[in-house]
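Record features (TrEMBL):
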TRANSMEM  13-31  transmembrane segment
TRANSMEM  64-89  transmembrane segment
TRANSMEM  101-120  transmembrane segment
TRANSMEM  132-152  transmembrane segment
COILED    152-199  coiled coil
DOMAIN    288-379  domain 'Histidine kinase/HSP90-like ATPase'
Amino acid sequence: MPASDDQTPILRWYAPLWVLFGPAPVFVAGLDDPPGTRSWSLAVPIALGLACAVSGRRPGRHPWFPYALVAGLGVVSFLRGGAASLYLMSLPYFWLPARSARWPVLLSGAGAAAAVGGGALGDGGLASGNSVVTLVAYAAGTTLALAARRVADRAEARARRLDGELVTARADLAEAHRRQGAAEERERLAREIHDTLAQGFASIVVLAEAVRSDLVDDPSGAARRLSSIERTARENLAEARVLVGSSPRETIAADSVSRTLRRTVDRFAEDTGITVDADLADVDCDPTTRIALLRCTQESLANVRKHAAASTVGVVLAARPYGVELEITDDGRGFSVADARGFGLAGMRRRLTELGGELTVTSAPGDGTRVLAVLPVEE
């Protein structure tokens, strides 16, 4: 039972007090004992004082001193008929050096039993009822204290285990949030790349194929398409800078939403030759809503270019009491909405849902397509 390092100064400070109020009174009282017991009455407190001095120099190296105190209590009580003051003064030596409560409880009980038992033996035996009851009481108290300590240790161990499980659960939850955030960020980047860079590259490919066929027969048309290729490439470069964070996102649709969409549909009509009827109201909305409306327009027109084989496209932007509506229709070949598996429509729907809006797609084979995007607009 080595002493804790932080208790060593306390024990060194307490040693003089213990000698003064513990062994010293026993020594003084022993001076009046009969000659037959006087030598023992003087030798025991002197031995305890020397043991305290040796132990007090390096308490951690002499864990035997508390046990010597128990024996000394028994001898002093046997010789003098009682050792209450010495027992009380010795309690700190039972408790302070210990690292757990088990040994202090045992030593305190053993010291009390030694004091009572020694006194009873000195009086002629343990037969008296008071001595037996006292010893039983000490034994019962010590047993109950140890049992309580055991219950407390188990509760403490369970609390530590629960704390560990809680820390692990929090770490797992944080890791799950991190993974979810990473997955959502990957999905967002995939959607942005699909709606911007991929669409731009697809447009460049179509325009480049048209330029190849127009180089001989229609040089002026080829020049216009080359200008469109250059413009699309520059726009893709600007989108790429936004994606990597070197340009602010608001620069994508810095103008009003009606003018931004007007440039988009005019470019589409110029590049494809498809007639576009556009009715674009001047709707006031925040940059995030403007970007969402622009992406829906770009994706819908890209689908018309790639799949619809349409001759006419209608684009209507209108303010409503509940927000803003964007409707894009075409007279193309249409498709089965239930069988649609493309990334574009799903990406549009997720984008609008994140902003509290919704997307409705109506189409049938041979009957054209209608895309309706609805978004709330903050006042």
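The first residue you see is number 1, and the count goes up from there.
For all residues, glycine too, the Cβ spot is worked out from N, Cα and C.
Note that TrEMBL annotation is computational and uncurated.
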Arithmetic mean of per-residue pLDDT over the coiled coil (152-199): 82
Intrachain residues whose Cβ lies under 8 Å of the transmembrane segment (64-89), provided they are six or more past its termini: 1, 17-18, 21-23, 25-26, 29-30, 33, 37, 40-41, 44-45, 47-48, 51-52, 55, 97, 103, 107, 110-112, 114-119, 121-123
Helix-strand-coil residue split for the domain 'Histidine kinase/HSP90-like ATPase' (288-379), DSSP-based: 36 helix, 30 strand, 26 coil
